[in-house]
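Right, one structure below, let's go through it.
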Amino acid sequence: MSSTSAAPAPAPAPAPAPAPSSLATSLVTGRALVLLQLLTRLLTFGLNQALVRLAPPEVFGTAAIQFDLVCSTVLFLSREGVRNALLRAKPGPTEANGPDGDQDSVQKEDKHATGKASEDQIAALAAVPFYLGVLVSAVVITIYLYTLPRSTSQQPDFLLSLVLYVSSSLVELAIEPLYIRALRSDPPNIRARVQAEGGMAIVKAVITVASVVLFDSAERGRPLLAFAVGQMAGAVWLAGRYVFEYGTKGLLRINKGRRENLFDPRLLALAMANTRQSVVKHLLTEADRIAVGRICPLDEQGGYAVAMNYGSLVARIIFQPLEETLLLHFSRDLSSASTSSILYMAIHFSSHLLLLLPAFIPPLLPAVLPILLPRRYRNTSAPRTLEVYLKAYIPLLSLNGILEAFHASSASPKQIARQARWMIASSAAFVFALWSMIEWSDIPALGIHLGKEEALIYASCVTTLVRITYAYWHVRRFFTCLLPSQGGEDVAVFSAKLRSVKELLPRWQVWVAVLGSGAGLRWVQNAVAWQSSWKQWALLAGTGGILGMINLGIIAFVERRDCDALLARVRQGVKAKQG
């Protein structure tokens, strides 16, 4: 796609700005999601620690890499496109959501993106993921079993465990209409969602650990079946909580005897475009797990899975709730005057991770690995994989999640199709990067030695960079069409900042502070004998903590003006909601 296109079409007359209380509602939602992730991850952390020590690496690899990949494939391909479309459905006249990116009118194209749909049409479309999931699961299981290594399929209870994992996915898809109902209510029913998803994580961990211990007392251990029982128990809790809240009305029923206008055509078109795109998106998102399941032995897959579990804690506790909150807010109130400021601050603060994590993770991670990993996992690829995941992939994952949340909230079907083409290009970049890194993984003269698992993470970083490039291009096109006179001075200022890469990156003061802290922390790591004395270990950890707090203080100081402006708007929204 050429970067030089026709001048953006004139933006339509702005819709009336939504009530400030919508921003407060989104912030309350985001806070609840962060607390949900934080509490459930802290409660399940100890249980997962026990699980890592009880389950052999090959079983952990089969369950956490292969079976979990099968489940996530069924869930993502079946519901993601429909879910994103339904979150954008709102009553009232059709409104433009963003620039076309071509010469056509923005308003003309975006009439196909969102529009007026009856509750019956929304309920009918919300029931589609289950039936689609039955078809997707049949295809995925067939492909998986056909390509499965013999060493994996010969494990005890393999087929029974696989059936339980897939069945748990179908249980989740069956209650998708209730999930949509909770999320589309005004305000969203966060209480039910927190109890459902938080309880699911806790039940899954407790039942899995209990089953591993119980089944291990049998004549032969059955740890793989224990993982499957825990997975099904978590899905049953999730479904039961939503059914308790809303009942079973509307589940698995697409029509009520009336076939004409069963689906809203604009929502259906958007759902189909999102679903087609989700195939490519999922392949890219899960490319590392697909590859590691094919090129690594089972015990190394277990080490990789443990590293991913620890590495994704930050993503699940902070980044996932942030992405969901932004998606919900932008989907409901894209025309809000706060859109540009919220998006700018999210991207800008996320860019700081590109500096902070590479500076602090390498010198501090070796000191905490003995606490996180049992000895048998420390002898696998887990330590190296975890370091690369945290210092390289996590910062890009955060930035990509924010940008794609905005794209999902503002893109028309044509723009979604364009994103799919970029994703295909990024898949080619992944294959080329992975091949190059494996081919040149061992060059002693240059001090280069990459394992396959590390190469997978770096190749995923290349893929994510391509996706970030397109999503940011979409943001720039969107805010190029937003004239200063349409949203006031604040909108004009933040729109200009969003179009400047320099403004999105950390300030020079932060660069100096973080780079200096990283160099100092590495000097301390090499100067003290932290491996042989707990006092020296505490000195290293304490130095890292102090330097981290200093850097956060510097960031807060240099960003105080923009933070004050955003907080003032938040307070205004909260007061309006309470009033």
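The backbone N, Cα and C atoms fix where each Cβ goes, and this holds for glycine too.
Computed from a predicted structure; not experimentally measured.
TrEMBL has this to say about the protein:
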COMPBIAS  9-19  compositional bias 'Pro residues'
REGION    1-22  region 'Disordered'
REGION    88-113  region 'Disordered'
TRANSMEM  122-146  transmembrane segment
TRANSMEM  158-180  transmembrane segment
TRANSMEM  201-218  transmembrane segment
TRANSMEM  224-244  transmembrane segment
TRANSMEM  353-372  transmembrane segment
TRANSMEM  392-410  transmembrane segment
TRANSMEM  422-443  transmembrane segment
TRANSMEM  455-473  transmembrane segment
TRANSMEM  508-525  transmembrane segment
TRANSMEM  537-558  transmembrane segment
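The transmembrane segment (392-410) is in contact with the transmembrane segment (455-473), judged by 3+ CB-CB distances under 8 Å for residue pairs 6 or more apart in sequence. Most Cβ pairs within less than 8 Å of the transmembrane segment (353-372), among stretches 158-180, 224-244, 455-473, 537-558, belong to 537-558. Each of 158-180, 201-218, 537-558 was scored by its Cβ pairs under 8 Å to the transmembrane segment (122-146), and the highest score goes to 158-180.
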